[in-house]
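J.: Just passing along the structure, written as structure tokens.
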Amino acid sequence: MVELVISPSLTVNSDCLDKLKFNRADAAVWTLSDRQGITKSAPLRVSQLFSRSCPRVLPRQPSTAMAAYGQTQYSAGIQQATPYTAYPPPAQAYGIPSYSIKTEDSLNHSPGQSGFLSYGSSFSTSPTGQSPYTYQMHGTTGFYQGGNGLGNAAGFGSVHQDYPSYPGFPQSQYPQYYGSSYNPPYVPASSICPSPLSTSTYVLQEASHNVPNQSSESLAGEYNTHNGPSTPAKEGDTDRPHRASDGKLRGRSKRSSDPSPAGDNEIERVFVWDLDETIIIFHSLLTGTFASRYGKDTTTSVRIGLMMEEMIFNLADTHLFFNDLEDCDQIHVDDVSSDDNGQDLSTYNFSADGFHSSAPGANLCLGSGVHGGVDWMRKLAFRYRRVKEMYNTYKNNVGGLIGTPKRETWLQLRAELEALTDLWLTHSLKALNLINSRPNCVNVLVTTTQLIPALAKVLLYGLGSVFPIENIYSATKTGKESCFERIMQRFGRKAVYVVIGDGVEEEQGAKKHNMPFWRISCHADLEALRHALELEYL
């Protein structure tokens, strides 16, 4: 008997040519006697054997487990064949258990797309360029036939699996088989819309509003509120190339700075606040209304109100050009920015630029900023630019702006004011800071006070961190309804607007524009507002 050894896995026996077989120690067994092209009537020589093509014999690939998954295999003609017996390859030190691959019901698979599968166990490393194989996936909608290479499959995270993972071989060892991440095909309900408004009634117990004895330094730290995350239309919002921060389109702009990461049109919710008797208590102190309503001492109330009024106008006159701008009041600080040529103001002498002498008359200075003379308008724009710079520089440190002697007086006055008003401002700041901490929400202030005194109020009451100067509007000349329209033009119709105030004017303006209105008339209203914000009802 002559025996010719062809390869470690192929043996040719001269006595049994009619029973010639190819034995393959791999995951599948191939038998030539069962294939076409081999007959018993004509014995083949060895030379003929190797010159004859066999369409079903595939070249051996190292360590491939093509049929070792224990799954039913389908041929290209979608005909079911008997599964082959799984033999572990010699180089593989472990066996792969048989399991089914379950598809998620919420995913739609189509030929040519990789399925979103969750493989609990890992696979042996396949050579680069492995041809796709056909596999079967069991799902509620039947079977899916698709030639998907493992290189195109993306796996779910463990949180999306409804069956335990196979331990021992993490998928991170085979990055070429799995995508880097998987984005779920659904969106959480919390990101689509806020929680529905609660129908429960707020029952608030009146707590004692006693201010403990504190030093001036500790009180100063208390009123310096923390800065929330930088949000769109908050920190650093200045002039934009095409649309000013007040919402008006600009035909020309001499100055532009880097815009915020997200534009005004990406704001989702805008809270429009009134100032007096909503956020702060000021006018009712001067009239004695607050003292009579809450049983406080009227003399003390009027005294504190007058002292605060003096500090407000002193700051406005000394540092914010109120003497120059009182008769040229603007609705927004950027209303005349288009007349600014961007000149450096570090050495500019405002007291000697002839601003008053060049003005033909105060009655010609309109609210829209229209005034005869290009040179005069440029000087007016310079003043508003300097006001903006001063506000942004000292909005968190007004004590550094007014100086040390006045700073001590201001701290003492603030402490007396909070004690008299039962921490009214503290409650307001809690709600304002909650809104300011949200990434796509913004606080906007609309007040009937002139713009320059309003800015001084905001600084002295410690509100600069929650109200950027671009978000402050004066309704002295046009009314609040007109300001609401400008705000809606600026932030767009898709945003949700909530008006918070105590007066009839803002309530009527909110009703006309279909804006929700939250009335503030007492401490309980502020507490309820803060509670609704904490629960994200607003």
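Just so you know, the numbers here start at 1 and follow the chain as drawn.
Each Cβ is built from the backbone N, Cα and C atoms, and glycine gets one as well.
The region 'Disordered' feature in Swiss-Prot is assigned to 209-263. The annotation compositional bias 'Polar residues' is assigned in Swiss-Prot to 209-230. Positions annotated as compositional bias 'Basic and acidic residues' by Swiss-Prot: 234-249. Swiss-Prot lists ASP274 with the feature active site, nucleophile, giving experimental evidence as the kind of evidence. Taken from Swiss-Prot, the feature Mg(2+) binding site covers ASP274, ASP276, ASP502. Among the features that Swiss-Prot reports, active site, proton donor is placed at ASP276.
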J.: I need the neighbours of the Mg(2+) site defined by ASP274, ASP276, ASP502. Which other residues of that chain put their C-beta within 8 angstroms of the C-beta centroid, in sequence order?
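T.: My list of surrounding residues reads LEU275, GLU277, THR278, ILE279, THR447, GLY501, GLY503, GLU506, ILE520.
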J.: Would you please pick out, from the recorded positions ASP274, ASP502, the one with the fewest other Cβ atoms within 10 Å of its Cβ?
T.: ASP502
J.: Expressed to the nearest Å, what is the distance separating ASP274 (active site, nucleophile) and ASP502 (Mg(2+) binding site) at their Cα atoms?
T.: 7
J.: So for ASP276 (Mg(2+) binding site), how many other CB atoms are inside 10 Å of its CB?
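T.: A 10 Å sphere around the Cβ of ASP276 (Mg(2+) binding site) contains 18 other Cβ atoms.
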